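Trainee: Got a structure for you, written out below as structure tokens; questions coming shortly.
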Amino acid sequence: MAGAEDAPGRQPELDEDETAEGRRWGAQHAGARELAALYSPGKRFQEWCSVILCFSLIAHNLVHLLLLARWEHTPLVILGVVAGALVADFLSGLVHWGADTWGSVDLPIVGKAFIRPFREHHIDPTAITRHDFIETNGDNCLVTLLPLLNMAYKFRTQSPETLEQLYPWECFVFCLTIFGTFTNQIHKWSHTYLGLPYWVTVLQDWHVILPRKHHRIHHVAPHETYFCITTGWLNYPLEVIGFWRRLEDLIQGLTGEKPRADDMKWAQKIK
């Protein structure tokens with residue numbers, strides 16, 4: 001699925017003696033090339049395993065939820081769907097903010113596996129549109145395995161009476177995991193301007209999922225706002241109360257670490 005995004009916004013100032021070559025953003029940026037090269041066969045294998053397990057569990061749990069469905073559950077199920085979308089949106093923002101703002105690619109294990117894609121994305125925002133389904137969704141599938149496994153265990157071990165009582169809660173958890181699983185796919189669609197399925201553009205236009213115009217706000221350096229990337233519903237209210245800025249001030253005051261220092265380092269790489 002190919003696409004092109006508008007320029008990622010104003011970028012960090014570079015020294016005057018840097019060449020035009022060093023000022024390029026996108027796939028030819030020195031930092032983007034280095035980060036892309038860190039994607040390893042081992043990482044690919046982990047993503048494949050995560051996707052297969054995740055979607056197997058989704059299918060298993062969905063069948064059980066459908067078999068247990070009753071009309072009288074409808075109001076609580078609707079509430080669970082909305083609540084699941086809201087919680088998923090907040091969690092997507094929390095993870096996105098944490099990975100964008102703190103840590104380093106040099107950290108053991110999580111650096112190359114988890115933080116690396118966030119650094120690459122700010123330098124080359126359209127790289128995500130060149131990622132296939134496995135690379136796009138592998139990490140999110142890994143994260144949602146635990147709640148999906150727990151749900152499958154309950155369906156296998158709990159009595160019908162207990163499952164009847166738990167049904168609204170399990171619908172909430174299932175919706176939360178579905179939105180969580182597809183968050184990066186939704187994020188990819190927000191960067192894709194050509195060839196999107198019609199139903200995806202409808203969901204974006206209705207703001208059921210993250211719209212393309214909405215997400216552009218985040219891609220203005222230094223990438224310090226609008227972190228929620230599932231539905232984007234919480235971005236404006238969190239910005240109004242200065243939620244992320246207050247968290248950053250608190251952490252910087254306690255640790256002395258400067259927000260987005262590693263992100264800026266990669267953005268300024270020229271060779």
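Using the three backbone atoms N, Cα and C, a Cβ is placed for every residue, glycine included.
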Trainee: Suppose you had to name the range Swiss-Prot annotates as motif 'Histidine box-2'; which of 14-18, 19-23, 154-158, 214-218 would you pick?
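Mentor: It is 214-218 that Swiss-Prot describes as motif 'Histidine box-2'.
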Trainee: Which range, 7-11, 42-46, 187-191, does Swiss-Prot list as motif 'Histidine box-1'?
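Mentor: Checked against Swiss-Prot: motif 'Histidine box-1' maps to 187-191.
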Trainee: Any contact between the transmembrane segment (75-95) and the transmembrane segment (48-68)? By contact I mean 3+ C-beta pairs closer than 8 Å, pairs at least 6 apart along the chain.
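Mentor: Answer no, regions not in contact.
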Trainee: Should His191 (site 'Essential for catalytic activity') be counted as helix, strand, or coil on the basis of DSSP?
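Mentor: Coil, per DSSP.
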Trainee: Per DSSP, His96 (site 'Essential for catalytic activity') is which: helix, strand or coil?
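Mentor: Where His96 (site 'Essential for catalytic activity') sits, the three-state DSSP reduction gives helix.
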Trainee: What is the Cβ neighbour count of His219 (site 'Essential for catalytic activity') at a 10 Å cut-off, with all protein chains included?
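Mentor: Counting Cβ neighbours of His219 (site 'Essential for catalytic activity') within 10 Å gives 18.
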Trainee: Check the Cα distances from His219 (site 'Essential for catalytic activity') to each of the recorded sites His96, His122, His187 and keep only the ones within 10 Å.
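Mentor: So far as Cα distances go, the recorded sites lying within 10 Å of His219 (site 'Essential for catalytic activity') are His122.
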Trainee: Do you know the DSSP helix, strand and coil residue counts for the motif 'Histidine box-2' (214-218)?
Mentor: 5 helix, 0 strand, 0 coil
